[in-house]
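Undergrad: Have a look at this one.
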Amino acid sequence: MSTLVDTELSGTRGLVRVALRLDRWRTVVWAVAVAGLTQVSVSAITELYSTPESRAGRAQLISSPAATALAGPGYGLDDYTVGAMTANELGLWIMVPVGIMALLTVTRHLRAAEEDGRLELVRSAPVGRDAPVVAGLAAAVVATLAVGVLTFLALLTTELDAVGSAALVGGVVMVGLVFAGVSAVTSQLTAHGRTASSLAMAVLGVAFLLRAVGDVRGPESTSVLTWLSPFGWAQATRAYVDERFWPLAIGVVAAALLVGGAFWLAGRRDLGTGLLAERLGRPRATDRLTGMFALTLRRQLGAIVSWGAGIVLSGALIGLLAGELVDYVDDEPQLAQMFPDGPGGVIASAFALYTVFLAVMAAAYASTAVGAARSEELVTRGALVLAGPVSRTRWLGSQVGLAGLAAAVIMLLTGLVMGLTANASLGSDGHLAELVGASAVTLPAIGCVLGLAVVVLGVAPRAFGLVWAYVTYVGVVGLFGGLLPDGSDVLSPFTYTPQLPAEAMDWPPVLLLTVAAAALISAGLAAFRRRDVVG
Amino acid sequence: MTENAIAVSGLVKSFGAKRALDGFDLTVRTGEVHGFLGPNGAGKSTTIRVLLGLLRADAGDVRLLGGDPWRDAVALHRRLAYVPGEVNLWPNLSGGESIDVLGRLRGGLDPARRDALVERFELDPRIKGRAYSKGNRQKVALVAALAADVELLLMDEPTSGLDPLMEAVFQQVVQEAAADGRTVLLSSHILAEVEALCRRVTIIRQGRAVQSGSLEELRSLTRTTVTAGLRDADEAERTLATLDGVHHVQRDDGHLTVDVDTASLNDVLARLTGFGVRSLTAHPPTLEDLFLREYSDELATLGVEGSR
């Protein structure tokens, strides 16, 4: 297994095997999840838009600027087949997660391993400088291909044709490769895995925006901006409409150039360092950084801002799209008949559904904040603080309190922004109070999810994975509750929340949920006081 | 004011099937620097975490500064400071910010003392937590603990990442703390450090205290090694071998080396003069000898020749 000539690539094979072995379950979960959700979504589209008329209506809805920003360049809108709809509206939402997966895989293998000293051990063996980079990239390529192959097979089980599916999946894989390359470069720039992946995520965000703005300004990939984005290249394959494969070559070349650049940079820096110097902090804390709450806020601010921005912006988009939805319903008399209250009823149901969806996102943030408290405990920073005159209740209570407060602020701000944008797009002024109210009424249910996370942390901290399973369950029954068997949603607190503005306000369940949330949080704090602090 | 800062008896703590502490006893007198010795996994950190009220004792009696460390944790923590062996800092806070935030949680640090310690440990307080080396993270925890105005310092292998220069600074700072009347419990496996700083030590093994007392007392429990250059070494060898309290008699030409129990030391020295002493050296047992003696059977299993 050892090579005769020692090069910068010595030991690559062994490292690739280790990397693949470390990632095998992660890769399987990603591939199954992406392929499964793609298959389910295509089947849903096929069933929901079974007639040419309904698809034409959808084409009109999706060609609006707000919708285009979240979809694609709009190929085949004049004959909007299920395939064209899949490529235009679903494709981007397969590419984004796969791009994120690829970039996280690379930073995990390159930067995180170097940060905690594992790479030093590896490099002291007869292993070349480039071998770990190759291994990290290989892991990302294998994961991307695994997702691609399984998704392609899943698409073949639908009514979509193989050539179009190859173009769509080819675009997905290409996006994965490009962001693996981006992240290989950012991994050379900074000394820290978190910073390296944040930088790569920022590049992904810019690529997303370039494509969005490009497609809004010039449909069918006619804007230069679209051609500056890997997402633009991937969508330019015209999958299921009039396939062409050459745009994929741009991505492959870009990925190759990025990887070459990463190797070049890797040769110019020392192990354990980044090319960008670490910025220095303050030699002493400002007066504001006093107490548990301030410390937690400092730790969590990044997470609060990014979750908050995502949720509030989604609310803004929902508000902006409300106008398009009304036009669509007006154009579709059959659809209007399904909703006896007319367009107003459709809008109210949509707002109610999306508010729950956004509230689940806020609850997910709150759960990650409790998970962060668990990490503090595990990495012994908890003990460092708890060895001071800080009670368990104060330590955990501050973190839970901030999580709840941040989730509430995010939710109310979302209601405010959704209300303002809805007023603007619907040309009325009744939606602000209505949607702020709808958002506020979800807060007790968010508190229940938060409380459950605190109980798990207090009683069975090792089983914290259960919290993520529960949040996923709450999200699925919140969005697809109507399609699932009766009674499958009894364990979600959002089931008991009045679906404002589609339903009338109902105080008793809201008050009961508030009591339940308070009881869960108190029980979790009490359990945490009684158990051993680990780590 | 209690006489003992720490009084632990019969302490038991299990993690699942593993008994980390199995009837452990520890007494630390107020104002002393007490060495706490044992290899990894013997139960040192578990003991300190019980003393901090982070772990709950399964059985036994634990008193810390006159209180119950589990029940009165917050009140007791105002009077003590802790330095862990493995320090993790908040990645996006600078070292200086971490020191201040920890200090303010206890109501503020003396800024002059803080700055002096930062300087003595040659710590750059502007570096972010994620960028510090292990030794520098440890310095942050040391500064935060030593700058606090407390009666008791609990230190769990506080110098495992420090270089020899900083180790010297550390010893000086601990001596100053002791001179101020502070009590220190110093867990370590750097025996030279404990020997330099501590008058009393406790050796822990598999969750039990196997030795505890002043270094002098412990030394008296073991043997002094005497090497003498003698005119009549043959005769001396024969005579000494018959005496009680004399062990490991070794001849090397005119030199004789023996291990002598403390009780027999006077007798042995008196007899040696009868064989024409030309040179004489005697070492008291080092802490290392004491320590390795407690672990001699384990060393034997590891294939290492045990010390005398």
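Yeah, the Cβs are placed from backbone N, Cα and C, and that goes for glycine too.
So TrEMBL has the following annotated:
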TRANSMEM  A:27-45  transmembrane segment
TRANSMEM  A:90-110  transmembrane segment
TRANSMEM  A:131-156  transmembrane segment
TRANSMEM  A:162-184  transmembrane segment
TRANSMEM  A:196-214  transmembrane segment
TRANSMEM  A:245-266  transmembrane segment
TRANSMEM  A:301-322  transmembrane segment
TRANSMEM  A:342-366  transmembrane segment
TRANSMEM  A:400-420  transmembrane segment
TRANSMEM  A:440-460  transmembrane segment
TRANSMEM  A:467-487  transmembrane segment
TRANSMEM  A:507-528  transmembrane segment
Undergrad: Name the range, of those listed as A:162-184, A:245-266, A:301-322, A:342-366, A:400-420, that has the largest tally of Cβ pairs under 8 Å with the transmembrane segment (A:467-487).
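TA: Per the Cβ under 8 Å count, A:342-366.
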Undergrad: Can you say which of A:27-45, A:162-184, A:301-322, A:342-366, A:400-420 has the most Cβ pairs under 8 Å with the transmembrane segment (A:245-266)?
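TA: Comparing A:27-45, A:162-184, A:301-322, A:342-366, A:400-420 against the transmembrane segment (A:245-266), the winner is A:162-184.
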Undergrad: Sort out the residues at least 6 away from either end of the transmembrane segment (A:27-45), same chain, that have Cβ-Cβ distances under 8 Å to it, and list them.
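TA: Same-chain contacts beyond the ends: 82, 85-86, 89-90, 94, 97-98, 101, 142-143, 146-147, 149-151, 153-155, 157-158, 160.
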Undergrad: What else in the chain is close to the transmembrane segment (A:196-214), if you only count residues 6 or more beyond its ends and a Cβ gap under 8 Å?
TA: 68-70, 92, 96, 99-100, 103-104, 106-107, 110-111, 179, 182-183, 186-187, 189-190, 221, 223-232, 235, 274
Undergrad: In terms of Cβ proximity under 8 Å, which residues at least six beyond the ends of the transmembrane segment (A:342-366) contact it?
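TA: Sequence-distant neighbours of the transmembrane segment (A:342-366): 303-304, 307-308, 310-311, 314-315, 318, 322, 325-326, 329-330, 335-336, 403-404, 406-407, 410-411, 414-415, 418, 422, 426, 431, 434-435, 438-439, 442, 445-446, 449-450, 453, 471, 474-475, 478-479, 494, 497, 499-503.
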